[in-house]
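Only one structure is covered here, and it is reproduced in the block below.
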Amino acid sequence: MSDRILVLVRHGQSEWNLKNLFTGWRDPDLTEQGVSEAKRAGALLKAEGLKFDVAFTSDLTRAQKTLGLILGEMGQEGVPTTRNVALNERDYGDLAGLNKDDARAKWGDDQVHIWRRSYDIAPPGGESLRDTVARTLPYYVQEILPCVLRGQTTLVAAHGNSLRALIMTLEKLSPEGIMKRELNTGAPIVYKLAADSTVAEKRDLVA
């Protein structure tokens with residue numbers, strides 16, 4: 001049986017990350033730094049000798065482009081890829097497009113902190129992390145995990161909060177634990193899964 005390898009990568013820096021804006025389902029492109037981060041992720045994964053069988057990404061440009069740059073850097077452009085809205089970033093609703101400092105000025109530091117860092121309180125018109133988990137986790141269980149358990153080396157390029165939903169499940173973290181987890185842009189996390197889908201090994205790849 002082949003190793004059951006799952007790699008998670010948060011997209012490279014986007015134009016709105018750089019401008020300190022709430023992004024959510026809005027669709028900014030990568031910055032030059034974001035492109036470099038994605039290529040560096042590809043180089044790190046290539047150095048590991050990984051050959052991907054399948055890949056998954058969201059419906060948003062920054063994640064799709066990150067995936068394409070990673071696979072291009074690895075010389076694996078032909079990997080079958082599935083795009084799905086289930087892997088989209090958390091929807092920030094009325095906060096989307098706002099500068100985070102401006103949002104704090106409008107609603108107050110405490111309220112914005114609650115929206116950003118509580119598990120189950122959503123901003124106006126948006127999703128909480130719990131809502132994001134409810135959207136993302138079934139897709140992981142039904143579509144992504146079966147590929148990994150079949151021995152297909154699997155790459156997921158997505159977003160900070162949709163990946164938090166997967167990491168929470170993989171690492172059996174509490175809501176409080178996952179809210180504290182910071183994911184760097186363009187930094188691959190490599191999981192080796194046991195036959196029962198638990199994590200046998202985890203490594204963070206850094207340049």
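We count from 1, first residue shown onward.
From the backbone N, Cα and C atoms, a Cβ is placed for every residue, glycine too.
Following the DSSP three-state reduction, the secondary structure of H11 (active site, tele-phosphohistidine intermediate) is coil. Sequence annotations record features per position, and here Swiss-Prot assigns active site, tele-phosphohistidine intermediate to H11 based on sequence analysis.
The active site, proton donor/acceptor annotation in Swiss-Prot covers E89. Under the three-state DSSP scheme, E89 (active site, proton donor/acceptor) falls in the coil class. In sequence order, T23, G24, W25, S58, L60, A158, H159, G160, N161, S162 are the residues near E89 (active site, proton donor/acceptor), counting only same-chain partners six or more apart with C-beta under 8 A.
Swiss-Prot lists 10-17, 23-24, R62, 89-92, K100, 116-117, 160-161 with the feature substrate binding site, giving sequence analysis as the kind of evidence.
Among the features that Swiss-Prot reports, site 'Transition state stabilizer' is placed at H159. Its Cβ taken as reference, H159 (site 'Transition state stabilizer') is surrounded by 28 other Cβ atoms within 10 Å in the chains shown.
R90 (substrate binding site): 27 other CB atoms within 10 A of its CB, across all protein chains. Non-local neighbourhood of Q13 (substrate binding site): L30, T31, Q33, G34, E37, T185, G186, each in the same chain, at least six residues away, with C-beta under 8 Å from its C-beta. Under DSSP, W16 (substrate binding site) is assigned to a helix (H, G or I) in the three-state scheme.
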